[in-house]
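Annotated features in TrEMBL:
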- A:6-25: transmembrane segment (TRANSMEM)
- A:77-95: transmembrane segment (TRANSMEM)
- A:116-134: transmembrane segment (TRANSMEM)
- A:146-167: transmembrane segment (TRANSMEM)
- A:179-200: transmembrane segment (TRANSMEM)
- A:247-269: transmembrane segment (TRANSMEM)
- A:281-302: transmembrane segment (TRANSMEM)
- A:393-421: transmembrane segment (TRANSMEM)
- A:441-459: transmembrane segment (TRANSMEM)
- A:465-490: transmembrane segment (TRANSMEM)
- A:502-522: transmembrane segment (TRANSMEM)
- A:534-559: transmembrane segment (TRANSMEM)
Amino acid sequence: MDQFIINLLFVGGSFALYIGIAIWAKAGSTSDFYVAGGGVHPITNGAAIGADWMSAASFISMAGLIAAGGYANSTFLMGWTGGYVLLAMLLAPYLRKFGKFTVPEFIGDRFYSRNARFVAVACLIVASVTYVIGQMAGAGVAFSRFLEVDATMGLIIAAVVIFIYAVLGGMKGITYTQVAQYCVLIIAYTIPAVFISLQLTGNPLPPLGLFSTHVESGVPLLEKLDQIITELGFRDYTADVDNKLNMVLFTLSLMIGTAGLPHVIIRFFTVPKVADARWSAGWALVFIALLYLTAPAVASMARLNLMTTIYPEGVDSQPIEYDERPQWVREWEVTGLIQFEDKNNDGRIQFYNEGNPEFAEEAEARGWEGNEFTYNNDILVLANPEIANLPGWVIGLIAAGGLAAALSTAAGLLLAISSAVSHDLIKGGFNPNISEKGELLAARISMAVAIVLATYLGANPPGFAAQVVALAFGIAAASLFPALMMGIFFKRINNVGAISGMLAGLGATLVYIFIFLGWFFIPGTNNLANTPDNWLLGISPLSFGAVGAIINFAVAFAVSHATEEPPVEIQELVESVRYPRGSGTATDH
Amino acid sequence: MSGHDYDAVNYWKANLRLIFGSLIVWALVSYGFAILLRPMLAGIPIGGTDLGFWFAQQGSILTFIALIFHYAWRMNRLDEKFDVHEE
């Protein structure tokens with residue numbers, strides 16, 4: 001069967017499933033729309049959190065990043081999972097006990113301030129909108145490669161599908177489609193990984209295969225990989241890093257940012273009890289770990305396969321001729337994500353690290369005149385089945401899996417945005433007397449507007465698309481996480497303290513990012529070149545969220561202790577979120 | 001629930017102790033073994049690399065899972081012991 005037909009069957013079949021679920025799980029009340037009625041089983045919620053959390057970045061980009069950076073990029077693995085420990089112990093159970101619909105609502109009530117609530121809404125919207133752009137763009141790429149439609153057309157199809165189940169079903173529809181999407185994406189990710197692990201190491205479990213012997217050469221897989229790439233002048237895959245402070249802070253920023261992202265936190269409002277919120281966090285991490293433990297294996301195995309494809313006789317012999325390049329290279333060349341330029345006109349693909357001065361002599365001796373092969377990190381996972389010569393249905397599965405990852409995260413983000421608008425801004429601000437029916441309609445309309453906006457931005461991504469994810473994590477880490485944690489653990493923090501803390505943490509983080517990446521990401525407006533020499537103590541702008549969080553805590557403590565204690569009823573509210581009894585379902589009042 | 005209630009205070013202290021202990025392990029496996037202490041663990045080989053690399057790409061994630069389930073299990077028991085659990 002033609003590959004295009006197979007892809008169409010897989011993607012079309014999965015979409016039909018999502019729409020079917022949406023019709024079955026239509027939201028009838030604001031409680032259905034915001035928290036799925038509050039009756040979701042903790043394991044079900046764990047799978048939904050898994051899909052909600054694992055975005056196009058986790059599915060498509062992460063293994064490619066690890067393949068490129070080796071040990072140094074383990075930060076993503078630890079950072080994007082370690083945040084769940086913080087969520088489970090510091091936030092989720094207490095926010096579930098508080099029992100309201102949104103994250104800004106807790107901040108507004110706990111700090112008895114409408115302004116605090118609006119600051120939280122602003123942080124939530126900026127973090128979530130920047131994040132959703134990447135999802136929509138990722139869905140567009142997957143569509144254009146696998147279904148041979150224009151990326152914009154692909155985006156619109158994706159938007160229509162999200163529109164149907166998110167606007168109709170709200171959190172209820174999103175929850176059950178996310179469970180289905182989790183199943184699709186995890187099967188799609190692990191099946192090719194198992195095949196490749198078997199081919200290379202004979203071990204069917206990729207996380208074990210990663211540390212097993214490479215069957216063909218008889219040496220451990222990682223040693224083989226280190227050997228091949230260092231012989232071509234690349235950096236040793238398992239090498240240690242020098243700037244440990246930056247590695248620690250980057251990991252910490254990702255962890256705190258993960259715990260502070262509202263679209264993840266609101267998923268914990270859907271379970272019946274506080275105890276379920278704790279179990280849910282554990283199950284969520286189990287489901288997430290199935291992919292995150294596999295990703296580093298995919299990374300090193302795909303990198304090894306790529307090298308042996310180009311140097312089939314070993315790196316000491318000639319690389320392959322361009323005319324004999326495999327089919328997958330031809331197909332990805334069309335998308336521009338793989339590029340070849342025959343600099344020395346010998347018809348062969350020389351692929352090496354031309355930036356390494358120590359390797360220049362050897363390259364010259366072999367008659368090489370520069371690296372001739374470049375690829376985008378994102379293709380490693382998507383092209384993985386083709387690189388390993390797996391059957392056509394596996395490729396169709398990858399297409400459906402990539403789309404499931406992008407759509408499920410986009411839907412979660414869109415719900416966080418629309419509930420902040422309809423519940424925090426409209427009901428909590430401009431029109432407190434709105435009826436439940438009116439609020440439900442407002443929630444649906446804001447969701448629809450958010451989808452249109454996200455689709456537009458996905459089709460016309462601003463030039464700073466790559467930096468915005470850092471912005472989302474920086475904002476969540478520096479503003480939302482500290483405010484939520486202090487609200488639960490420190491009774492003495494008052495309204496003025498919390499607001500000044502959030503603004504100071506957020507401000508410091510944004511200024512630091514803008515100094516190196518340009519003010520509001522406008523190219524050329526940066527004050528300093530974004531190089532390690534210029535960074536304060538070697539801290540990269542992407543790692544600054546953790547520093548922003550520390551500033552937030554410090555300012556909030558200092559200001560709170562210099563001003564009045566919070567009123568008695570607020571101290572009682574803090575007491576009440578600490579004890580599980582009497583939580584009931586998440587409600588409006 | 002009054003803040004001056006003896007049991008309530010002890011429940012919260014027990015929770016804080018549990019969180020504190022868990023976060024020490026959390027930091028030790030990720031920031032410790034996988035990053036800062038990696039050179040010290042370099043002598044322990046594992047599948048073509050060292051123990052620090054394994055913690056960075058596998059071990060820390062597995063520990064995080066164990067920590068959360070341990071915390072949930074202990075807390076749910078504390079809830080009942082101090083009689084603050086939900087019906």
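Any Cβ shown, glycine's included, is placed from N, Cα and C.
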Among A:77-95, A:179-200, A:441-459, A:534-559, the most Cβ pairs under 8 Å with the transmembrane segment (A:116-134) come from A:441-459
Is the transmembrane segment (A:465-490) in contact with the transmembrane segment (A:393-421), using at least 3 Cβ pairs under 8 Å (sequence separation of 6 or more) as the test?
no
Given the transmembrane segment (A:146-167), which of the listed stretches A:179-200, A:247-269, A:441-459, A:465-490 has the most Cβ pairs that are under 8 Å apart from it?
A:441-459
With the transmembrane segment (A:179-200) as the reference, which stretch in A:6-25, A:441-459, A:465-490 has the largest tally of C-beta pairs below 8 Å?
A:6-25
Please tell me whether the transmembrane segment (A:77-95) and the transmembrane segment (A:465-490) touch - that is, whether there are at least 3 C-beta pairs under 8 Å between them, with each pair 6 or more apart in sequence.
yes
Counting only residues at least 6 beyond its ends, the same-chain positions whose CB falls under 8 A of a CB in the transmembrane segment (A:534-559) are 243, 245-246, 249-250, 252-253, 256-257, 470, 473-479, 481-483, 486, 490, 493, 496-498, 500-502, 504-506, 508-509, 512-513, 515-517, 528
